[in-house]
Amino acid sequence: MDKFRVQGPTCLSGEVTISGAKNAALPILFAAILAEEPVELTNVPKLKDIDTTIKLLNRLGTKVERNGSVFVDARHINEFCAPYELVKTMRASIWALGPLVARFGRGQVSLPGGCAIGARPVDLHITGLEQLGAEITLDEGYVKARVDGRLKGAHIVMDKVSVGATITIMTAAVLAEGKTIIENAAREPEIEDTANFLNTLGAKISGAGTDSITIEGVERLGGGTYQILPDRIETGTFLVAAAVSRGRVVCRNAKPDTLDAVLAKLREAGADIETGEDWISLDMHGKRPKAVTLRTAPHPGFPTDMQAQFSLLNLVADGAGMITETIFENRFMHIPELIRMGAHAEIESNTVLCHGVDKLSGAQVMATDLRASASLVLAGCIAEGTTIVDRIYHIDRGYENIEAKLQGLGAKIERLHSND
């Protein structure tokens, strides 16, 4: 199993080019199942989860080629089951179900895996598909969906805000008969990006990015070319990297308007931030960040996927800051690892109180999930001595070539292969 060896402390400074958004690329790849003509996707990140999705699409009979762009040809799908061996590492595979049942009248997906951060039930996905007329059964670890004829448009009020279920319902409703309205929909930029992609193919979706999405069902989708939006979480991670190391970074191929809550907290922490149409710069002018208090919330609130990085910021900041996690349970697994490096923190239920320390010390730590692993790597960059980050397969699921990008900012980081 690969590890990172990081030598610190380092002041991280320079430019970094942001990759396409994993959380948009995944639903868009699955939504391409709906297309009856070939699709070309650009700015698709090179990640483990993307590779797994491509394998899964190929298993279904979709022809997928990666040659700079990703080309998806779903004209000859002949298999309607996403099997356990491909699904077990990635919860996003549930997004195959809506497009399969919408276009072909049937589909089945093994109950998904992914990060070990609390309960992520598929109930909301199932309820939404049932409201569109699908018959759902759970059998031997598989979610199976069927419908005779086309799905039927419906007025769906979601019990709670869910990014995943919003995407499932939206992609299924595109080919449904009549109009679907999703109330209490998630508002994340990646949902808007998925809707924009589908509209490029001929869908009629309006309101994506708000809490009320309207889908006028169409009979078929064609092909087209679409560029995935930049990854706001990767952008935020590199901004925090500069903030905790008292450095300066310019993020290119970024989308500042997807990061309002994060940029506000970084400014509160003392960062000097400037933005352009497709770039963000952060400069700490050599100063230590100030601790901030924040609460995660659905978009446009503070993103849960930036919580671990801001935990690190607070743990090396001037003062004390409180972080409350409202989206997922069990998402402070990075805190005990950071305490091994000399951090001072107390966890009480879904809140962590962070007391800033002057310095961290290198240690052997273990990544537990995708974003937690990023915070441990950044901690290694600023800690005195050597840090070994174990189980970095988590980080490869969500960050493209992170060690090369950090090296470009001056980090002393290397990947140790399991046979090294």
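Glycine is no exception: its Cβ is also placed from the backbone N, Cα and C atoms.
What Swiss-Prot records for LYS22, ASN23 is phosphoenolpyruvate binding site, and it gives sequence analysis as the kind of evidence. Sequence annotations record features per position, and here Swiss-Prot assigns UDP-N-acetyl-alpha-D-glucosamine binding site to ARG91, ARG120, PRO121, VAL122, ASP123, LEU124, LYS160, VAL161, SER162, VAL163, ASP305, ILE327. Positions annotated as 2-(S-cysteinyl)pyruvic acid O-phosphothioketal by Swiss-Prot: CYS115. The annotation active site, proton donor is assigned in Swiss-Prot to CYS115 on the grounds of sequence analysis.
Known features from Swiss-Prot, placed on the structure.
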{"residue": "LYS22", "record": "phosphoenolpyruvate binding site", "DSSP (3 states)": "helix"}
{"residue": "ARG91", "record": "UDP-N-acetyl-alpha-D-glucosamine binding site", "DSSP (3 states)": "helix"}
{"residue": "PRO121", "record": "UDP-N-acetyl-alpha-D-glucosamine binding site", "DSSP (3 states)": "coil"}
{"residue": "LYS160", "record": "UDP-N-acetyl-alpha-D-glucosamine binding site", "DSSP (3 states)": "coil"}
{"residue": "ASP305", "record": "UDP-N-acetyl-alpha-D-glucosamine binding site", "DSSP (3 states)": "helix"}
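Cα spacing between LYS22 (phosphoenolpyruvate binding site) and ASP305 (UDP-N-acetyl-alpha-D-glucosamine binding site): 12 Å, rounded to the nearest whole number. On a Cα basis, ASN23 (phosphoenolpyruvate binding site) lies 19 Å away from LYS160 (UDP-N-acetyl-alpha-D-glucosamine binding site). Counting other C-beta atoms within 10 Å of each candidate's C-beta, the binding-site residues ASN23, SER162 are led by ASN23.
Long-range Cβ contacts of ASP123 (UDP-N-acetyl-alpha-D-glucosamine binding site) within its own chain (separation 6+, distance under 8 Å) are none. With all protein chains in the displayed structure included, the most crowded Cβ environment within 10 Å among the binding-site residues LYS22, ARG91, LYS160 is that of LYS22.
Across the structure, ASN23 (phosphoenolpyruvate binding site) and ASP305 (UDP-N-acetyl-alpha-D-glucosamine binding site) are spaced 11 Å apart at their Cα atoms. Cβ neighbours within 10 Å of PRO121 (UDP-N-acetyl-alpha-D-glucosamine binding site), excluding its own Cβ and spanning all shown chains: 11.
All protein chains considered, the CB of ASP305 (UDP-N-acetyl-alpha-D-glucosamine binding site) has 23 other CB atoms within 10 Å.
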